[in-house]
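Engineer: Quick one: the structure is below, and I'll ask about it shortly.
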Amino acid sequence: MASAFSKLLTGRNASLLFTTLGTSALTTGYLLNRQKVSADAREQHKLFPPSADYPDLRKHNNCMAECLTPTIYAKLRNKMTPSGYTLDQCIQTGVDNPGHPFIKTVGMVAGDEESYEVFADLFDPVIKLRHNGYDPRVMKHPTDLDASKITHGQFDERYVLSSRVRTGRSIRGLSLPPACSRAERREVENVAITALEGLKGDLAGRYYKLSEMTEQDQQRLIDDHFLFDKPVSPLLTCAGMARDWPDARGIWHNYDKTFLIWINEEDHTRVISMEKGGNMKRVFERFCRGLKEVERLIQERGWEFMWNERLGYILTCPSNLGTGLRAGVHVRIPKLSKDPRFSKILENLRLQKRGTGGVDTAAVADVYDISNIDRIGRSEVELVQIVIDGVNYLVDCEKKLERGQDIKVPPPLPQFGRK
């Protein structure tokens with residue numbers, strides 16, 4: 001069972017811990033060290049006005065750079081979350097990485113659940129900009145994991161080669177990867193694998209620690225799209241998520257390798273359902289069933305996932321808030337991908353394209369990774385249905401082009417209107 005003591009060792013529970021347990025050497029040392037770090041940071045900030053610390057964002061093209069102003073920076077610079085995470089730590093990855101040539105990146109991360117509250121003056125407009133107008137100050141996020149509502153979930157497998165649905169989940173009471181200590185990261189691993197040992201039937205499997213894999217085993221899993229890549233992404237390195245690699249990282253998968261859990265990469269956990277072929281309905285059904293069972297097993301052991309009604313499920317990057325869901329397929333569309341209307345068709349269908357191997361990769365043999373753009377403001381069922389309908393439209397366009405027929409750009413999908 002997960003350690004209850006480690007759950008108490010968080011900033012928001014510090015005073016309660018002193019009262020309840022007294023000031024033992026262990027608790028005093030742990031908590032006073034965090035307080036000292038926070039105090040040192042505050043004193044350092046006092047040496048200079050906020051204007052002297054304001055980052056140079058004149059050549060930047062990310063959501064953080066577009067939303068951050070000197071006024072917001074001055075208001076938030078000296079604030080900290082209960083665990084000591086600062087605004088400058090939130091935005092450092094966006095300062096170090098001005099932008100991406102194909103995708104407008106977010107440019108900031110959260111260090112803990114409270115980051116989204118303490119620094120809401122910046123996070124809220126960034127979320128609204130990134131998520132198609134979703135306003136977390138007035139809107140509520142819907143959740144729906146009823147896979148029976150999905151329709152037309154079988155793709156033409158002459159075009160669709162594989163189907164996949166993933167999401168992330170964070171364990172409440174532990175810092176997120178940019179800010180977690182080694183002990184917290186190891187506790188995430190312990191909580192996750194202890195719960196996953198309870199999975200039965202077609203979900204049953206085993207855990208593989210990254211530190212115990214050979215380089216060859218790791219690369220084979222990466223090449224087969226089962227395992228996360230090595231920590232070379234600027235998001236990971238500049239945000240501090242690659243610290244102590246590969247300590248307490250790993251992958252759990254069922255014996256069929258169709259249900260997988262990544263542990264301690266960008267998020268505490270990434271839950272993935274995948275298989276070859278075009279049966280997205282079956283992939284989503286297994287995803288929903290497995291995710292619900294994982295949450296039940298986590299709760300049985302006294303833990304819970306980070307969630308609130310404004311932001312949905314809380315994850316490290318604001319781009320994944322809400323559902324955290326990315327439903328995608330590998331689809332071969334040689335004619336459509338060369339059509340000048342392709343990008344506009346994707347935009348109106350609320351889809352995005354990546355190369356065969358993901359972001360920053362080329363499309364091999366005209367095979368693209370097509371997935372939903374949105375994460376928040378629509379439920380899991382809605383997003384998967386958008387992908388199904390959209391990919392079917394793309395395949396239909398490809399068939400028309402093969403026959404020499406014209407294709408049309410579809411009208412834009414209606415904006416969500418959740419209160």
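Including glycine, each Cβ sits where the backbone N, Cα and C put it.
From Swiss-Prot, here are the annotated features:
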type	residues	note
BINDING	162-166, His225, Arg270, Arg326, 354-359, Asp369	ATP binding site
DOMAIN	46-132	domain 'Phosphagen kinase N-terminal'
DOMAIN	159-401	domain 'Phosphagen kinase C-terminal'
MOD_RES	Tyr255	phosphotyrosine
MOD_RES	Thr356	phosphothreonine
REGION	40-64	region 'Cardiolipin-binding'
TRANSIT	1-39	transit peptide
Engineer: Across all the protein chains here, work out how many other Cβ atoms are within 10 Å of the Cβ of Arg166 (ATP binding site).
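Structural biologist: Taking every protein chain into account, the count is 19.
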Engineer: Long-range same-chain neighbours of Ser162 (ATP binding site), Cβ under 8 Å, sequence gap at least 6?
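Structural biologist: Counting only residues 6 or more apart in sequence, the Cβ neighbours of Ser162 (ATP binding site) under 8 Å are Met274, Glu275, Lys276, Gly277, Val329, His330.
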Engineer: What number of additional C-beta atoms lies within 10 angstroms of the C-beta atom of Asp369 (ATP binding site)?
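Structural biologist: A count of 22.
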Engineer: What is the total of other Cβ atoms whose distance to the Cβ of Arg270 (ATP binding site) is within 10 Å?
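Structural biologist: Looking across every protein chain shown, the total is 22.
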Engineer: Which residue, out of the binding-site residues Arg164, Arg354, shows the minimum number of other Cβ atoms inside 10 Å of its Cβ in this structure?
Structural biologist: Arg354
Engineer: Including all protein chains displayed, how many Cβ atoms other than that of the residue listed as 'phosphotyrosine' lie within 10 Å of its Cβ?
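Structural biologist: Other Cβ atoms within 10 Å of the residue listed as 'phosphotyrosine': 11.
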Engineer: What kind of secondary structure is Tyr255 (phosphotyrosine) part of, going by DSSP in three states?
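Structural biologist: In three-state terms, Tyr255 (phosphotyrosine) counts as coil.
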Engineer: What Cα-Cα separation, expressed in whole Å, is found between Arg354 (ATP binding site) and the residue listed as 'phosphotyrosine'?
Structural biologist: 28
Engineer: When the domain 'Phosphagen kinase N-terminal' (46-132) is classified with DSSP, how many of its residues are helical, how many are strand and how many are coil?
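Structural biologist: Within the domain 'Phosphagen kinase N-terminal' (46-132) the tally stands at 42 helix, 4 strand, 41 coil.
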